[in-house]
Amino acid sequence: MKYSTVFTALTALFAQASATAIPAVRSPLAPRQSTTASCANSATSRSCWGEYSIDTNWYDVTPNTGVTREYWLSVENSTITPDGYTRSAMTFNGTVPGPAITADWGDNLIIHVTNNLQHNGTSIHWHGIRQLGSLEYDGVPGVTQCPIAPGDTLTYKFQATQYGTTWYHSHFSLQYADGLFGPLIINGPATADYDEDVGAIFLQDWAHKSVFEIWDSARQGAPPALENTLMNGTNIYDCSASTDANCVGGGKKFELTFVEGTKYRLRLINVGIDSHFEFAIDNHTLTVIANDLVPIVPYTTDTLLIGIGQRYDVIVEANAAADNYWIRGNWGTTCSSNSEAANATGILRYDSSSTVDPTSVGVTPRGTCADEPVASLVPHLALDVGGYSLVDEQVSFAFTNYFTWTINSSSLLLDWSSPTTLKIFNNETIFPTDYNVVALNQTDANEEWVVYVIEDLTGFGIWHPIHLHGHDFYVVAQETDVFSATKSPANFNLVNPPRRDVAALPGNGYLAIAFKLDNPGSWLLHCHIAWHASEGLAMQFVESQSSIAIGMSDTDIFEDTCANWNAYTPTELFAEDDSGI
């Protein structure tokens, strides 16, 4: 076996309508498959899914449900008051979070997205969805599409070949940090039984002005501490001593109500700008059954570390004394700052009529910026890494007028009007240097895999949540020491390592991820700290380039979106002033 690795080190470069936010309500996601199937999914048989089960290899097999689920999303400028402070925001259909998109494993999704913003393009990414056979719908401006121009509509179409918990969000600059996100839940089997599905619970930090107003300050170096946190789009901010007319009060805590003896499935999602949470519910144990879109062997914990973009599905049994309990976000104060870090809380009640605050005491948080231990994240479907290939790429850093991050000595800077996939469709083979393209092509029949190593050489000690589009990846190493191209690969875990689509790059360490070259496309890899992505901490893999154009099915729609964007840009009020993502 020839061992090779894609190696990248990380350095830093300094280069000078009205709607009220509402928390997502409980939505018991009842199984929708036929009850005449061989194995019905129920509270006592969650591993079943008709003719399929939790043991089915979903990378190779997708149910043919014959069902198409259609949704309409309007991207809007709105005025919202999620925590008692009124501010402008960007919303899907007027709310933060946006409406839930749900489907069953194997369903086809058709989602019409209309851009009703006055002065911005947009695009929607379906986080964690591999987009097999639908690469042009990954939703990244400058990579897989041109932005959707104001007044234009783009219809995204893809099949749900995976199942579990994820989210959709704008990938146009910093828009998701201004409210453009919502839950995407694909029903399927699970590794443990439960009675009720609570649905998505979002954790995030929240500013009291648009992040675009903060951007000029943020890119000068250390990002500012934001004013508050939200849990499922709501929280309380103390306006009692404020003279600010926008501080109107009236916020509320996110609440859950449990019935004693019932087991609940919670779908936890960190959609923060610059936040790391350690979720917990006082006096309750979390049974973790999935990370990102990968079912895992269940394990129990008192607290759960959740990086930006990551999702965990947990089961919580209502077995405590009937009382009120704090639901704790547990802000990672050693990872980033927030003015109301201690306020990242919600309330669990056993009596829905109760209105008093809990007096419960939580466990001591671990207080780390890391992921959950890799030893805990064991995929239920056991898969190994095969023969892989190597590319070594070094980096450098420089200082100019403002802060940017670099990968391979280059900070990502995309041209929204000329996405990578369009260049490939037009038979272009040379890409701009600041597109940060790494070509991946299988040249040896025994090397179907690539291992990509990203190493933090900045000395800052910041942990970065790294997200790859187009693939679940295998976490073969996640270390706080220095990577050695000659020695470190010998310690890679190639036997059923954790699989997911977001994993933390340790500060001053390295992250090694493996994935199979089985999905031709232009796939973005980036830090999911919003400031860092805008500051260029990203690159893209052009995988199996010769197969990309022939894999595109809706080329007319793809080209029409670019034509409409190019017709709009001469009147564009706000020019691109970040990486584009």
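Backbone N, Cα and C atoms are what each Cβ position is placed from, and that goes for glycine too.
Note that this is a predicted model, so its numbers are computed, not measured.
The signal peptide feature in Swiss-Prot is assigned to 1-19; the stated evidence is sequence analysis.
The domain 'Plastocyanin-like 1' annotation in Swiss-Prot covers 74-191. Remark: secondary structure over the domain 'Plastocyanin-like 1' (74-191) totals 7 helix, 55 strand, 56 coil, with classes taken from DSSP.
Summarising the annotation, Swiss-Prot assigns N-linked glycosylation site to Asn77 (among others). Around Asn77 (N-linked glycosylation site), taking its Cβ as the centre, 16 other Cβ atoms fall within 10 Å, counting all chains.
In sequence order, Leu73, Ser74, Glu76, Pro99 make up the list of same-chain residues 6 or more apart from Asn93 (N-linked glycosylation site) whose Cβ falls under 8 Å from its Cβ. Per Swiss-Prot, N-linked glycosylation site is recorded for Asn93 (among others), and the stated evidence type is sequence analysis.
Among the features that Swiss-Prot reports, N-linked glycosylation site is placed at Asn120 (among others).
All protein chains considered, the CB of His125 (Cu cation 1 binding site) has 27 other CB atoms within 10 Å. For His125, His467, the entry in Swiss-Prot reads Cu cation 1 binding site, with the evidence type similarity to another entry.
The Cu cation 2 binding site feature in Swiss-Prot is assigned to His127, His169, His528; the stated evidence is similarity to another entry. Every protein chain considered, the tally of other Cβ atoms within 10 Å of the Cβ of His127 (Cu cation 2 binding site) stands at 26.
Cβ-based neighbour count (10 Å, all protein chains) for Cys146 (disulfide bond) stands at 29. Look at Swiss-Prot and you will find Cys146-Cys562 tagged as disulfide bond, backed by similarity to another entry.
Counting only same-chain residues at least 6 apart in sequence, those with a Cβ under 8 Å from the Cβ of His171 (Cu cation 3 binding site) are Ser123, Ile124, His125, Gly139, Val140, Pro141, Ile581. The Cu cation 3 binding site feature in Swiss-Prot is assigned to His171, His469, His526.
Under the heading domain 'Plastocyanin-like 2', Swiss-Prot lists 197-353.
Under the three-state DSSP scheme, Asn232 (N-linked glycosylation site) falls in the coil class. Feature annotation from Swiss-Prot assigns N-linked glycosylation site to Asn232 (among others); the stated evidence is sequence analysis.
As annotated by Swiss-Prot, N-linked glycosylation site applies to Asn283 (among others), with the evidence given as sequence analysis. A 10 Å cutoff on Cβ-Cβ distances gives Asn283 (N-linked glycosylation site) a total of 18 other Cβ atoms nearby, all chains included.
Per Swiss-Prot, the feature N-linked glycosylation site maps to Asn343 (among others). With a cut-off of 8 Å between CB atoms and residues at least 6 apart in sequence, the same chain places Asn228, Thr229, Asn235, Ile236, Tyr237 near Asn343 (N-linked glycosylation site), listed in sequence order. Following the DSSP three-state reduction, the secondary structure of Asn343 (N-linked glycosylation site) is helix.
For the recorded site, Asn408 (N-linked glycosylation site), the DSSP three-state label reads coil. Per Swiss-Prot, the feature N-linked glycosylation site maps to Asn408 (among others); the stated evidence is sequence analysis.
Under the DSSP three-state reduction, Asn427 (N-linked glycosylation site) is assigned to coil, being neither helix nor strand. In sequence order, Ala549 make up the list of same-chain residues 6 or more apart from Asn427 (N-linked glycosylation site) whose Cβ falls under 8 Å from its Cβ. Residues or ranges marked as N-linked glycosylation site in Swiss-Prot (evidence: sequence analysis): Asn427 (among others).
A 10 Å cutoff on Cβ-Cβ distances gives Asn441 (N-linked glycosylation site) a total of 14 other Cβ atoms nearby, all chains included. Annotation note: Asn441 (N-linked glycosylation site) sits in a coil segment as assigned by DSSP. Taken from Swiss-Prot, the feature N-linked glycosylation site applies to Asn441 (among others).
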Have a look at the recorded positions His127, Cys146, His169, Asn441 and say which one has the shortest Cα distance to His467 (Cu cation 1 binding site).
His127
Asn120 (N-linked glycosylation site) versus Cys562 (disulfide bond) - Cα distance in angstrom
15
Counting only residues 6+ apart in the same chain, whose Cβ is under 8 Å from the Cβ of His169 (Cu cation 2 binding site)?
Ile124, His125, His127, Gln175, Tyr176, Leu180, Phe181, Gly182, Val271
Nearest of the recorded positions (Asn120, Asn283, His528, His532) to Asn232 (N-linked glycosylation site), judged by Cα-Cα distance
His528
In the structure shown, which of the glycosylation sites Asn120, Asn232, Asn408 has the fewest Cβ neighbours within 10 Å?
Asn408
Out of Cys527, Cys562, give me whichever of these recorded positions has the highest number of other Cβ atoms within 10 Å.
Cys527
Measuring Cα to Cα, how many angstrom lie between Cys146 (disulfide bond) and Asn408 (N-linked glycosylation site)?
25
